[in-house]
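Chemist: Next up is a structure, given as structure tokens.
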Amino acid sequence: MAKFIILNLFFIITSLVSLAPLCFCHSTNGGYLYPQFYDRSCPQALQIVESIVAKAVAKEPRMAASLLRLHFHDCFVKGCDASLLLDNGGGITSEKNSVPNRKSVRGFDVIDEIKSALEKACPRTVSCADILAIAARDSTVLAGGPSWVVPLGRRDSRGASLSGSNHNIPAPNNTFQTILTKFKLQGLNIVDLVALSGSHTIGKARCTSFRQRLYNQTGNGKADMSLEQSYAAQLRTRCPQSGGDQNLFPLDFVSPTSFDNSYFKNLLRFRGLLSSDQVLVTKNEETLELVKRYAESKEVFFDQFVKSMVKMGNISPLTGRRGEIRTNCRMISS
């Protein structure tokens with residue numbers, strides 16, 4: 001009799017588990033992020049984001065990198081809460097004016113277009129923070145990179161942090177240890193650092209971001225010794241010792257608009273554009289081995305990039321009743 005009861009309980013529990021919906025949930029301090037968050041409240045949300053991102057990237061391929069970078073620069077300051085999108089005003093000092101963002105981050109008009117379309121379809125429902133996360137995924141896919149299931153349910157911050165933006169976002173000339181420390185402060189590890197740096201397989205950087213490497217890396221008036229000479233000479237033609245601060249150069253000169261693993265191959269040839277790229281090969285044995293592994297296999301890189309992007313997207317999101325759902329991503333709604 002006891003055996004019969006136990007068997008019945010087993011089958012009941014098994015049935016309940018099999019009927020439960022598949023949910024890639026990520027716990028946060030204030031609730032959960034899960035992919036099905038808008039399935040009932042705004043079922044067309046993902047399609048709307050994808051459509052507008054696709055149109056923007058088709059018009060300008062560089063926009064894929066710009067939208068991916070917006071998500072990164074948002075999450076490293078106060079968590080993934082769309083604080084980066086806020087303009088000055090109403091007591092807000094915008095993060096757009098920080099050193100890493102000023103005259104650098106872009107794509108705000110695309111986010112505005114997405115938000116406007118979502119407000120028409122589903123008023124006060126989809127957060128700007130979630131728009132950034134979805135747009136980053138869609139941009140990666142459109143550039144030829146991997147796809148992933150995006151956990152959703154973030155809410156938007158009512159404030160911004162200019163000081164956080166100035167201090168938390170890794171800079172092109174930071175030392176390796178400083179960059180690693182900034183990642184660890186966000187709960188990301190050395191593997192995440194290398195994988196997420198791989199996003200530099202698309203996009204461009206300004207002359208002002210790498211000029212020091214070309215002319216005065218260590219204060220002795222000489223170029224960075226870890227920069228391959230013919231590549232350095234090519235860079236100097238576009239990035240003079242003075243002037244041309246806004247001149248652009250591709251982060252991955254081999255395939256600048258294709259999300260692949262050539263970035264890592266470039267590093268092994270000492271052709272990383274930024275100092276923060278090349279230090280992954282020259283300053284740490286563990287990161288060097290990871291660079292080699294990703295250079296050998298695009299699939300291995302893609303697999304880890306997906307894991308690290310989901311992990312990054314889970315940095316201190318506002319959930320539940322914290323924060324708000326902005327109706328305009330550039331200003332707080334209430």
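A Cβ is built for glycine as well, from the same backbone N, Cα and C atoms used for every other residue.
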Chemist: Please work out, from what TrEMBL records, which of C75, C80, C122 forms the disulfide with C42.
Modeler: C122
Chemist: Taking Cα-Cα distance, which of the recorded positions C42, R69, C80, C128, P170 are within 10 Å of C207 (disulfide bond)?
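Modeler: The recorded positions close to C207 (disulfide bond) (Cα within 10 Å) - there are none.
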Chemist: Considering Cα atoms only, can you say which of C128, P170, H200, C239, C329 is the nearest neighbour of R69 (site 'Transition state stabilizer') among these recorded positions?
Modeler: H200
Chemist: Between C42 (disulfide bond) and C128 (disulfide bond), how far is it from one CA atom to the other, in Å?
Modeler: 14
Chemist: To the nearest whole angstrom, state the Cα distance for the pair H200 (heme b binding site) and P170 (substrate binding site).
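Modeler: That comes out at 13 Å between the alpha carbons.
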